[in-house]
Amino acid sequence: MLNFKLLKTDGNARRGQLTLNHGVIETPIFMPVGTYGSVKAMSPLELNEIDAQIILGNTFHLWLRPGNDIIAKFGGLHEFMGWNKPILTDSGGFQVFSLGEMRKITEEGVHFSSPINGDKLFLSPEVSMQIQRVLNSDIVMQFDECTPYEIDGRPATTEEAAKSMRMSLRWAKRSMDEFNREENPNALFGIVQGGMFENLRDESLAGLEELNFHGVAIGGLSVGEPKEDMMRVLEHVGPRLPANKPHYLMGVGTPEDLVAGVASGIDMFDCVMPTRNARNGWLFTRFGDIKIKNARYKDDKKPLDESCSCYACRNFSRAYLHHLHRTGEILGARLNTIHNLHYYLDLMREMREAISEGRFQLFVSQFHADRARGS
């Protein structure tokens with residue numbers, strides 16, 4: 001089940017509401033990444049406390065471990081991981097294509113060796129849909145080939161990007177056919193590919209619109225390309241996505257990327273950056289980023305961000321977080337993760353409010369001024 005209501009627009013920025021089988025999501029929204037059915041360093045209780053509305057699971061990794069047979073015994077991923085709100089699962093395509101020499105791509109699908117034990121495995125649009133049916137994720141992603149930015153150390157050519165994109169379109173049709181054959185009651189999103197070429201992106205989008213997916217994602221960005229190329233493609237594709245469907249920008253990115261994405265009409269984002277950076281002591285705040293390992297914070301009594309209401313900022317100093325990071329305490333990674341995800345989710349809340357009140361451009365100007373000010 002999917003119902004998307006567009007509540008308000010402000011320029012290309014959109015305020016919406018997405019109804020799924022496990023709940024209602026207010027958009028624009030950020031989705032914390034739970035690769036193995038767990039958002040690293042966070043319990044479902046803590047995710048609820050920071051108002052996470054939807055999380056992302058990884059089809060490829062969950063298929064390898066614990067395996068579909070285990071998750072099937074629980075009736076799906078929600079019951080298995082103790083999370084009762086919506087879940088989006090990616091198709092596994094990006095992970096398979098990241099295996100490099102360990103995989104062989106054919107029209108049928110991808111043959112590869114398991115990175116865990118070397119077993120010979122095969123993933124195709126049909127297999128991906130079957131796995132995601134067992135996971136019972138609220139949003140299922142089509143199986144696609146993520147066009148790399150570079151091939152053999154040089155940017156992909158138009159011909160290479162076109163060949164990859166057109167195979168993804170054929171796989172989109174097979175994904176849709178299998179999704180319907182499985183009688184999956186959830187939502188299926190198509191993925192726009194085409195590399196750095198606007199005309200190929202347009203061709204991909206036109207092909208997906210014929211298939212009438214429940215939502216549309218932009219894939220193949222933040223894969224090593226220069227930031228100006230990413231923004232050029234985003235600003236071209238975002239406003240062209242169908243207005244009556246949710247728009248998802250995959251694997252992006254920094255706070256600045258999220259604001260730019262919303263300005264281009266994006267409704268949904270995911271990225272490992274807030275959780276991964278948290279574990280490495282890189283913290284995002286309203287007034288710029290903090291690298292908590294730096295000696296300047298060893299006796300700093302201030303909270304990370306005086307404007308932040310997260311558990312870490314309400315209770316602990318920068319000096320204490322510096323100490324936890326320096327000593328490798330698990331609590332440090334946990335508090336840092338709580339803060340970074342709270343910051344990302346609060347940023348999305350502020351953008352929703354700004355769009356609703358017709359002041360999004362003013363918000364963008366203030367956001368950049370604050371981030372440039374420094375902490």
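Positions of Cβ are set from backbone N, Cα and C atoms, glycine also.
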Per Swiss-Prot, what member of Asp144, Asp270, Asp289, Asp299 joins Asp90, Ser91, Gly92, Gly93, Phe94, Gln193, Gly220 in binding substrate at one site?
Asp144
Which of these ranges is annotated region 'RNA binding' in Swiss-Prot: 153-159, 181-187, 251-257?
251-257
Range annotated as region 'RNA binding' - as stated in Swiss-Prot, picked from 10-14, 105-109, 275-279:
275-279
Among His323, His325, His339, His368 - the residue Swiss-Prot places in the same Zn(2+) site as Cys308, Cys310, Cys313:
His339
So which one is it: of the recorded positions Asp90, Asp144, Asp270, which has the fewest other Cβ atoms within 10 Å?
Asp270
Rank the binding-site residues Gly93, Gly220 by how many other Cβ atoms lie within 10 Å of each Cβ and give me the one with the fewest.
Gly93
Report, in whole Å, the straight Cα-to-Cα distance of Cys310 (Zn(2+) binding site) from Phe94 (substrate binding site).
33
Averaged over the region 'RNA binding' (275-279), what pLDDT does the predicted model reach?
99
Around Gly92 (substrate binding site), which residues of its chain at least 6 apart sit with Cβ under 8 Å of its Cβ?
Asn58, Thr59, Phe60, Trp63, Leu123, Ser128, Ile131, Phe143
Consider each pair of residues in Asp90, Ser91, Gly92, Gly93, Phe94, Asp144, Gln193, Gly220, all listed by the record as binding substrate, and report the largest Cα separation in Å as a whole number.
15
